[in-house]
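S.K.: Relevant sequence annotations retrieved from TrEMBL are reproduced here:
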- E117: active site, proton donor (ACT_SITE)
- D257: active site (ACT_SITE)
- E350: active site, proton donor (ACT_SITE)
- E371: active site (ACT_SITE)
- T461: Ca(2+) binding site (BINDING)
- 584-603: compositional bias 'Polar residues' (COMPBIAS)
- 584-610: region 'Disordered' (REGION)
- 1-24: signal peptide (SIGNAL)
Amino acid sequence: MEIRKQYLLLLILCTDIFIREIQAESVTPEEAKLLRDEVREMFYHAFDGYMDHAFPRDELKPLSCGGEDTLGGYALTLIDSLDTLALMGDLEHFTTSVEWIGKNLRFDINKTVSVFETSIRILGGLLSAHLIASDYATGMRIPSYDGELLHLAEDLARRLLPAFDTPTGIPYGSVNLLYGVDENESKITSTAGGGTLTLEFGVLSRLTDDPIFEQVTKNSVLGLWARRSRINLVGAHINVFTGEWTQKDAGIGTSIDSFYEYLLKAYLLFGDEEYLYIFQEAYAAAMHYLYKDPWYVEVNMNSAALVWPLFNSLQAFWPGLQVLAGDVDPAIRTHTAFFSVWKRYGFTPEGFNLATLSVQNGQRSYPLRPELIESTYWLYKATRDSRYLDAGRDMVASLQYGARCTCGYCHISDVEFHKQEDHMESFFLAETVKYLWLLFDLAAGSDNLVENGPYKYVFSTEGHLLPATPQISLVKEHCSYIGAFCLRSNFGHESPTFDIPMDSQEPNATKTFLDTTSLLGHSNVHKSSSVSGVIKGLCPGLSHGQKYGISYVASHSTTLSDELVDQRENNVIQSHSVVLLSGSSDTNTVEDLQNDTESSSKGNGEPFRG
């Protein structure tokens, strides 16, 4: 007994010393300013390297100081960097970049491009820069600018429209910008590829008064959701002609991730309650079947049987999304788990096996991904907990000492050996350094477009700034065209309930969507009069699912055993609201996952970036 007491006393003393050491090492406001300046230098080391050695090719080869065309051969990295330049207040570079693009960029080229990547990187980059450059309120208005980027964005989107000409409304994965969809184009696409287009195309519809862009992308989301399983899960890949799932693994990471992200963000930006309803249903199912506190696994979309106990790096956006949804407690726990992987290797590998607690073979690289940094920023914004500044400092150190190379920042081909690879994705400048800069600028006393600008902003999945202006969010408009959602039955001019007063005097008040706890905390949110909408000809007495015709489409390949499992799990189907999850008793450990895992195997293909 005496030995036990001495051990406990020693443990308490050691714990106290450990806590005091952490507190002593926490980032101070002065250090936050230095780190913000260091991140700014990181951005310009990579941006200048691109402009000096790769421009106008798509991306930089940072080791050999060359360039390569990876998407369409149209200055991808420059377009992706535009709003980061604006965010940092660099009017000179922002102006010269916008002017060059307006004069030189063309999309009538014989190039077959990814619909998803082109939308989030090029279309999103053009729209964000247009909204900044054309508005005096942003402080970055370019006097000579005359809407050139918007015209380019519309031209590009029209060249992408042929991809949506499918029986399901879900687009092909690729399209030729000059000739449309090739007759031999694959009919298989990812869920993220079909479900992560609504923000960019929706904004374009609002700016051009042409509903077609918003309509086709919403049809794609509804086409995916109609083919969900009976337990409200979606698979990873689908045939856009037959609607059959060709990969039935359900998860929150690779090939699916931003499908969830855009459901919530489309509601936040456009006020369309239909997206909120689907998000609530999808989120509840994900937390019920995929969440093994604090990790997430992949399961069969029909039976919920465990397929793969794997943390993949694209899952790391999830805590940030949970902050936007107001579900902060599980976000904190999951971020802690994910960051422990970063601390172990200095980076997050593309795949980390939770059963073996080791890097997954074939998924050993770190291609400068921003997702964990993004969640770190949102959690600091929500909690002001210094641990997230400490995490950001560690991330900066890893990038500076492990990834920095001659002309920019290199991919890490193996996180265990920190071997550098001669490639730098455009999203390093669009997202990775942007979220790091925002994190430390917030701690240092923020003075930037996001925190102190004229609007609230939604970040696209590529980190592009999309403002909730009245024109875009239709806050002060009624149904301006067929298919638009009416925010109030009386066509009034009131804002949605998530609106933050623009003249808030709270010391930490920011014009972003953080006051969204009600999205998950109230039952039957879709019946609330404060966010209800009226569409002509629809009976208000119908349920939301009936009103919008979002019905389940049975798959021909659903087995009897799957349906029996579905019946046993009908408790989730009967609930049309997301339950509060912070008190979840589902606390499976890694050991539990090891016991659940038998001999499941999965291909180690390169993860799809969502």
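Keep in mind that glycine also has a Cβ here, set from the backbone N, Cα and C atoms.
Are these features on the surface or tucked inside, and what touches them?
M.R.: Cβ contacts within 10 Å of E117 (active site, proton donor), excluding its own Cβ and spanning all protein chains shown: 20.
A simple way to gauge crowding: the CB of D257 (active site) has 29 other CB atoms within 10 angstroms, across all the protein chains here.
All chains included, 27 other C-beta atoms sit within 10 angstroms of the C-beta of E371 (active site).
The Cβ neighbour count for T461 (Ca(2+) binding site), using a 10 Å radius over every protein chain in view, is 27.
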S.K.: Let's check the environment of E350 (active site, proton donor): how many other CB atoms sit within 10 Å of its CB?
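M.R.: I get 25 for this one.
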S.K.: Going by C-alpha distance, which of the recorded positions D257, E350, E371, T461 is nearest to E117 (active site, proton donor)?
M.R.: T461
